[in-house]
Amino acid sequence: MRRSLAPSQVAKRKQGPDSDDEEDWEPDMEPQCKRDCREKYISPYRKPLTPLTNRPFCADGNEHEAFIRKILSKPFKIPIPNYTGVLGLRALGLRRAGVRKALHDPFEDGALVLYEPPVISAHDLIKADKEKLPVHVVVDPVLSKVLRPHQREGVKFLWDCVTGRRIENSYGCIMADEMGLGKTLQCITLIWTLLKQSPDCKPEIDKVIVVSPSSLVRNWYNEVGKWLGGRVQPVAIDGGSKDEIDSKLVNFISQQGMRIPTPILIISYETFRLHAEVLHKGKVGLVICDEGHRLKNSDNQTYLALNSMNAQRRVLISGTPIQNDLLEYFSLVHFVNSGILGTAQEFKKRFEIPILKGRDADASDKDRAAGEQKLQELISIVNRCLIRRTSDILSKYLPVKIEQVVCCNLTPLQKELYKLFLKQAKPVESLQTGKISVSSLSSITSLKKLCNHPALIYEKCLTGEEGFDGALDLFPQNYSTKAVEPQLSGKMLVLDYILAMTRTTTSDKVVLVSNYTQTLDLFEKLCRNRRYLYVRLDGTMSIKKRAKIVERFNNPSSPEFIFMLSSKAGGCGLNLIGANRLVMFDPDWNPANDEQAMARVWRDGQKKTCYIYRLLSTGTIEEKILQRQAHKKALSSCVVDEEQDVERHFSLGELRELFSLNEKTLSDTHDRFRCRRCVNGRQVRPPPDDSDCTCDLSNWHHCADKRGLRDPVLQASWDAAVSFVFHQRSHEDQRGVV
């Protein structure tokens, strides 16, 4: 086209000084002579040019108005064949047009569909309101692609529970998977799904609070970042001034809308309890309580603060829901789904008393039958809101774990001190009806420390405390606690051998766990004496520093050989896969605490065969603690794992023998089994083929000498002070390495 005929040039000429504003402008009006001259040179085959505007001649305003409306009523069409658009993207405030769709494709390979709308016939579809039809709820493919089969099942169970589809008018559940099965990832998947979608094409919830022990706040923050990247920004709080924390909590709880900027709050139990008033002022879509067995006491302040939250949906994570008794188990179930087991008094009368009566070793056949009936009734109710998978699932993904309970003889000094204490303190007199009274707790602590090393009770000997009067005469001359002397403790002697053999014959790293920081002090002295590089984590270490030293220790190139861990401070949730050997130096009354600590190395990412050593002093209170653990573990197993034939070998009345010393045994625990697989202390028949580390100790291998051991390191350490060993492996080794 000639430039002079362009609309912009024509308009300029029209607005010139000679133009008449009142005269209608017709862009197609051109002198006839110019048009005839130009058309001489146009090919007869060329299509005629169309006018610059298709505006028809409008005789009146009505026709013009109708024409404009017709133009504006035509929707814009993207010139791509079969283009339907991405309905999942935000529409910048405009209402979306078109049929409601799921956020993700439910028919894609590997899609995890949590909800499938009911099928509607074509006839009903015509009459249905298209704006109210439910859609599929599909887990984000970024997450569903990394979920293992048991985790996909777990996410589906969690979603069904918190949306009220399993129990009417109940929106809570307990995730009771054992350690290492990915409970955190399953909960993050649930959170992300609820925040983004629902059958009604909108988010199910707007805000989530994750409450965890302070040592795991940073871990949760990192896990959210790991799996969700930058798509969500969580707020993590575990420290700071009161005003600063209150300000952050007010900002969080006051957020409103379909998609708020910071929808996830991660907070420690202690901080939540202190600032609960702020969080009680708003509504929260979901509350997740990690290590939820902290809520076993329904009367403590943390439980009351959390239970007062305006949050229907509640998920409690606990690998060990039963720790001490069934009433604590009731508290956990009552927290997530209030009322399904009645009141505490009703639960005790209806379930707890008959079940415990039937589980006692002295129970009659009638009591056993009644207890079993009540147990099945309880299981049928609770299983609707509790999911539990045991760690045997991990055998598909993790290397073999060899767990060993090592009984160590007391040294002559320990025996003399032990007998002196029992003679002077007379702790048996403080026991009543097989239950541990408050007055006997100090005696228990003294005996446990003596089993670890005489150095731990040396101060009491100096001051002549009850039970240790005249004990100084038993110590070697010129004895000093400044230097550790392994030869004075049977367990310390065995530990010294284990560390030396591990250091010289393998490339493995070791985690040392104890309930007492004083014992960790002894470990430090031993490491300095043997020139082992080590790191230590206890309650004095800040959360930020904990994360740094764990990351450094897990680095294969780091020189640290030993990681010392206080089970009270860091036994839960830590990932220490840089080591593959773990020593539990002293037992805890609660089997859950020991299991949590022992699960630090046998976790996702571990590549080497794991060896767990549980050291006990032979014939002492430590073996009684192990026996009490067996009772608690059997109780947990029969209620949560639903095992039918969990053996109970110990009557509650036998706890009266707690304060005694059996000097003539290789293992007091093995003696109580009345084991039929062993003859004269030697195993003649192996345990059942399907037995593993989760079984009762009676179904483990029993070794009165080192010939039956599978661990070369423990074999080499036997002659130090070992009297008896129970050992079992997690699963059959698929790679030929044991």
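Just so you know, glycine gets a Cβ as well, placed from its N, Cα and C.
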Original post:
Out of Ser268, Ser567, Ser723, which one does Swiss-Prot list as phosphoserine?
Top reply: Ser567
**OP:** Identify the motif 'DEAH box' range according to Swiss-Prot, selecting from 290-293, 502-505, 642-645, 730-733.
**Re:** 290-293
Original post:
If Swiss-Prot marks one of Ser170, Ser308, Ser380, Ser566 as phosphoserine, which residue does it mark?
Top reply: Ser566
**OP:** Would you mind listing, in sequence order, the residues at least six apart from Leu181 (ATP binding site) in the same chain with a Cβ closer than 8 Å to its Cβ?
**Re:** His150, Gln151, Gly154, Arg389, Ser391, Ile393, Leu394
Original post:
Under DSSP, the motif 'DEAH box' (290-293) has how many residues in helix, strand and coil?
Top reply: 2 helix, 0 strand, 2 coil
**OP:** Between the Cα atoms of Gly182 (ATP binding site) and Ser566 (phosphoserine), find the distance and write it as a whole number of Å.
**Re:** 24
Original post:
About how far apart, in whole Å, are the alpha carbons (Cα) of Lys183 (ATP binding site) and Ser567 (phosphoserine)?
Top reply: 21
Subject >> ATP site shell beyond Asp177, Glu178, Met179, Gly180, Leu181, Gly182, Lys183, Thr184, criterion: Cβ within 8 Å of Cβ centroid >> reply: Gly319, Ser391
Subject >> DSSP-derived class (H/G/I helix, E/B strand, else coil) of Leu181 (ATP binding site) >> reply: coil
Original post:
List, in sequence order, the same-chain residues at least six positions removed whose CB sits under 8 Å from that of Met179 (ATP binding site)?
Top reply: Gly319, Ser391, Glu595, Gln596, Ala599, Arg603
Original post:
If you count Cβ atoms within 10 Å of the Cβ of Gly180 (ATP binding site), leaving out that atom itself, what do you get?
Top reply: 20
